[in-house]
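The active site feature in Swiss-Prot is assigned to Thr6; the stated evidence is sequence analysis. Per Swiss-Prot, Na(+) binding site is recorded for Ala164, Cys167, Thr170.
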Amino acid sequence: MNFKGTTVIAIRRAGKTVVAADGQVTFGYTVLKSNAVKIRKLVNGKILAGFAGSTSDAITLFEKFEEKVKSREDGIIDIKRAAVDLAKDWRADKILHKLEAMMLVADSDNILLISGTGDVVEPEEDVISIGSGGNYAYSAALAYMENKKLSAADIAFKALKIAARVCIYTNSNIVLEEIG
């Protein structure tokens, strides 16, 4: 899937987890909005999530993911299990299968990418990015990770600023959430 119009990044470092995104919404070649919020806190602020793709589809997926997390009878928050369960449903369900979005979800211990093709990816490094500017932000973040003085929030902000300079579908109106 190749979504135009956003860049979302997730980073873990020094006990902090950050998900950040730009604010641009495009329709074709037109910028419709520059200050959209594409990330949110779920499960009473214990999980961060961000999306690239259709907004209405992403909201549906956020709700489904949160349902999966909360469905455990033992009350344990297990985003890996919830992500796999959501990916299975997303791939198999006739209605969900048509949703066009990708998600990043993160808690204090994990960062995951969930796609509609059934993929659940845990990055090798403590950083992952999606969307049209995702590769630019990811590359910049990997370079910034070498500077041990930078926090997860600093790295996310700087990486998105670089993506905004290169990707025409990404702007520098950055929204950032942090847990940990």
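Keep in mind that glycine also has a Cβ here, set from the backbone N, Cα and C atoms.
In sequence order, Thr7, Asp22, Gly133, Thr170, Asn171, Ser172 make up the list of same-chain residues 6 or more apart from Ala164 (Na(+) binding site) whose Cβ falls under 8 Å from its Cβ.
Long-range Cβ contacts of the residue listed as 'active site' within its own chain (separation 6+, distance under 8 Å): Ala21, Asp22, Gln24, Val25, Lys38, Phe51, Ala52, Gly53, Gly131, Ser132, Gly133, Tyr169, Thr170. The local packing around Cys167 (Na(+) binding site), expressed as other Cβ atoms within 10 Å of its Cβ over all shown chains, amounts to 23. Taking the centroid of the Cβ atoms of Ala164, Cys167, Thr170 as the Na(+) site, the other same-chain residues with Cβ within 8 Å of it are Thr7, Asp22, Gln24, Ser132, Gly133, Tyr136, Ala137, Leu160, Ala163, Arg165, Val166, Ile168, Tyr169, Asn171, Ser172. Thr170 (Na(+) binding site) counts 30 other C-beta atoms within 10 Å of its own C-beta, drawing on all protein chains shown.
For the recorded site, Cys167 (Na(+) binding site), the DSSP three-state label reads coil.
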